[in-house]
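The following block contains the structure, expressed as C-alpha cells.
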Amino acid sequence: MEGLIEELRSRVRELEEELDRVRNGQHEGHRTKIEKMSAEVVDSNPYSRLMALKRMGIVENYEKIRTFTVAVVGVGGVGSVTAEMLTRCGIGKLLLFDYDKVELANMNRLFFQPHQAGLSKVEAAEHTLRNINPDVQFEVHNYNITTLDNFQHFMDRISKGGLKEGSPVDLVLSCVDNFEARMAINTACNELGQVWMESGVSENAVSGHIQLIKPGETACFACAPPLVVAANIDEKTLKREGVCAASLPTTMGVVAGILVQNVLKYLLNFGTVSFYLGYNAMQDFFPTMAMKPNPQCDDKYCRKQQEEFKLKEAAKPKQETVVVEEEEVVHEDNDWGIELVSEVSEEELKAASGPVPDLPEGIKVAYTIPITKPTSGFTVEDSEQSLDELMAQMKNL
C-alpha cells in the first residue's frame, strides 16, 4: 500500500513538473528568441519567406511589423486563427481578451486541441502562440469586457498597452460572436478615437465579413446597426435550449485570413486596404464597399469624432486642380460613334498636300492632289524595237 502511495506521489510530481514546463514554454522544439529579423535563406530562419516580400517590392520595410501592437478581442474560431497568423507574421505584441474556456465542442474549429479542454481560451492560446514564436510579447486578460469594471480596464489597456508602456495599441480587432461585445468595443474605440476592425461569421456558417472603422471618418458599428441592436432585443431570448449556430472551420479560416491580410496592408502600408469586404461561400462572392458615418448616430462619441474629423479636413490646404486641355477630335459626330484622330502633324500634311481650294467654314476636302515633283534631266533613248523583240530578248536572259 505504501509503495502504491509513493508511486502516485512520484507521478504527481512528474505531472507538476511537466505542467510547469508547458506553462513556461520549456519543452522540445522550443527555439530561442531572435533579436533581429533576417532575410537570410536558411532552414533555421523563420522570417526568410516573410522578408522576401521586401525583396520582391511588395513591402518597403517588413521589419516594422515588430513595432506594432494589436489587441484581439474574442479568441474563438476567428480570433484564435487571427492571433496565430499575426504571431507567425512576427507582430510585436498581442493583447488577448476572452472569458470563455476551451471545450470539446470547439474542436470542429481551428487552433485549439482536445488536451486543452478546460483551460481558459486566452491561457491556452498564449501557451501555443509562445511556442510558435517566442519573439512576440503577449498580454492576456480572462474576463468579460461588457461588465462595468472590466470595460474600464479594457479601455485602459487598449489606450496604454502598447509596446512602449503608456502608449495606445495600433489596432483593435473584434472577433467576438455577440452584438453586446461589439457595441462595447465600438463605444470604447469611439471614445478613444481608436482605429479598429470588426469581423464576423453568419449563423449558417456560409458567409462572413470584415470592416475597417476609423472613428469620425467611416461608419461605426452603431451608425448602421443590425436589427437586433436597433430594436434593443435581448440576444439571449433568441437562443433556444439545445440550438446553436452552425460553424465551419473553412469559413472561419477565410474570414480570419482576409482580416489579417487587411491588418498587414493597413500597418505596413501596401496594397489597397478594404473598408468593408464580405464573403459569401455559396456563390464565392466578395462584395466591397465603404460606408460614411451617420450624422444622427446614437453614439455621442461617434458624433464628436465626426465633428473633429470635419475640422481636420477643413484645416488641410486645398490642392490646386490642373486643367488638362483635350486634343481636338476629328469626325466626332457620326452615326457609328467613331472618333478618328490623325497621327500626321499639320506641317507634314501641308508638305505632302497640294493646293487646297477656298471652301466655306466647316467643310474640308477628302483629299488633295500631291505636288508634282520636277523630273530629272536624264532621258532614255528610244531603241525603236517592237514589243515582241523586247520579249524575245528577255526570254534569252
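Sequential numbering from 1, following the chain as shown.
Each residue, glycine too, has its Cβ placed from N, Cα and C.
Keep in mind the model is a prediction, meaning the values are calculated, not measured.
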Ranges 238-250, 329-341, 355-367: which does Swiss-Prot label motif 'UFM1-interacting sequence (UIS)'?
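Result: 329-341 is the stretch Swiss-Prot calls motif 'UFM1-interacting sequence (UIS)'.
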If Swiss-Prot is the reference, give me the range from 63-93, 156-186, 187-217, 342-372 marked as region 'Linker'.
342-372
Quick one: sort out which of 110-125, 286-301, 382-397 is the motif 'UFC1-binding sequence (UFC)' according to Swiss-Prot.
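Based on what Swiss-Prot states, motif 'UFC1-binding sequence (UFC)' spans 382-397.
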Just to be sure I read the record right: GLY77, LYS121, ASN144, ASN178 are listed as binding ATP in Swiss-Prot. Which of ASP43, ASP98 is listed for the same site?
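For ATP, Swiss-Prot names GLY77, LYS121, ASN144, ASN178; of ASP43, ASP98, the listed one is ASP98.
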Which of the three DSSP states, helix, strand or coil, fits CYS302 (Zn(2+) binding site)?
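In three-state terms, CYS302 (Zn(2+) binding site) counts as helix.
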Let me check the 10 A CB neighbour count of ASN178 (ATP binding site). How many other CB atoms are there?
15
Report, as a single number, how many Cβ atoms besides its own are within 10 Å of the Cβ of CYS223 (Zn(2+) binding site).
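The answer is 21 other Cβ atoms.
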List the residues in the vicinity of the Zn(2+) site, defined as same-chain residues other than CYS220, CYS223, CYS297, CYS302 with C-beta within 8 angstroms of the site's C-beta centre.
ASN186, ASN190, ALA219, PHE221, ALA222, PRO293, ASN294, ASP298, ASP299, ARG303, GLN306
Select the most exposed residue of CYS220, CYS297, CYS302, where exposure means the fewest other Cβ atoms within 10 Å, treating these as the binding-site residues.
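Fewest other Cβ atoms within 10 Å, among the binding-site residues CYS220, CYS297, CYS302, is found for CYS297.
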Where CYS302 (Zn(2+) binding site) and ASN144 (ATP binding site) are concerned, what is their Cα separation in Å, rounded?
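Computed Cα spacing between CYS302 (Zn(2+) binding site) and ASN144 (ATP binding site) is 23 Å.
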If you count CB neighbours within 10 Å, which one among the binding-site residues GLY77, ASP98, ASN144 has the smallest count?
ASN144
